[in-house]
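Undergrad: Per TrEMBL, the features are:
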BINDING   Cys35, Cys65, Cys68, Cys74  [4Fe-4S] cluster binding site
DOMAIN    34-98  domain '4Fe-4S Wbl-type'
REGION    1-23  region 'Disordered'
Amino acid sequence: MRTGQAGTGVPRNRASGKLPAPRTEHYDWQVHAACRSVDTEVFFHPENERGSARQRRENQAKQVCARCVVREECRAHALRVQEPYGVWGGLGEVERLRLT
């Protein structure tokens, strides 16, 4: 395989020398996510957030996930890439760790 810059491993289109178009089909589900209209702070904890404050924020995030049409795709993605932070597909960090 020919690559873009020597040693980078980035594939080039052999005919034109250009990079191939990005493949987005694995992430298209994100455009339908209910969380797109919600502040990301709901899904990702600020530093040093603990106890009941963290639980309230996670519950709020999970309420958004509960009505999301792509919740299963989101959850599968987070588990597949071992997403370490935030609420994804209705699961918090600890819940995802228990499933892996």
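Each residue, glycine too, has its Cβ placed from N, Cα and C.
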Undergrad: Per residue, counting other C-beta atoms within 10 angstroms of the C-beta, which of the binding-site residues Cys35, Cys65, Cys68, Cys74 reaches the highest number?
TA: Cys74
Undergrad: With DSSP assignments reduced to helix, strand and coil, which class does Cys68 ([4Fe-4S] cluster binding site) get?
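TA: In the DSSP reduction, Cys68 ([4Fe-4S] cluster binding site) maps to coil.
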Undergrad: Can you work out the mean pLDDT of the predicted model over the domain '4Fe-4S Wbl-type' (34-98)?
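TA: Summing pLDDT over the domain '4Fe-4S Wbl-type' (34-98) and dividing by its length gives 96.
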Undergrad: Using an 8 Å cut-off from the Cβ centroid of Cys35, Cys65, Cys68, Cys74, can you name the remaining same-chain residues around the [4Fe-4S] cluster site, in sequence order?
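TA: These residues sit around the [4Fe-4S] cluster site: Ala33, Ala34, Val64, Val70, Arg71, Trp88, Gly89, Gly90.
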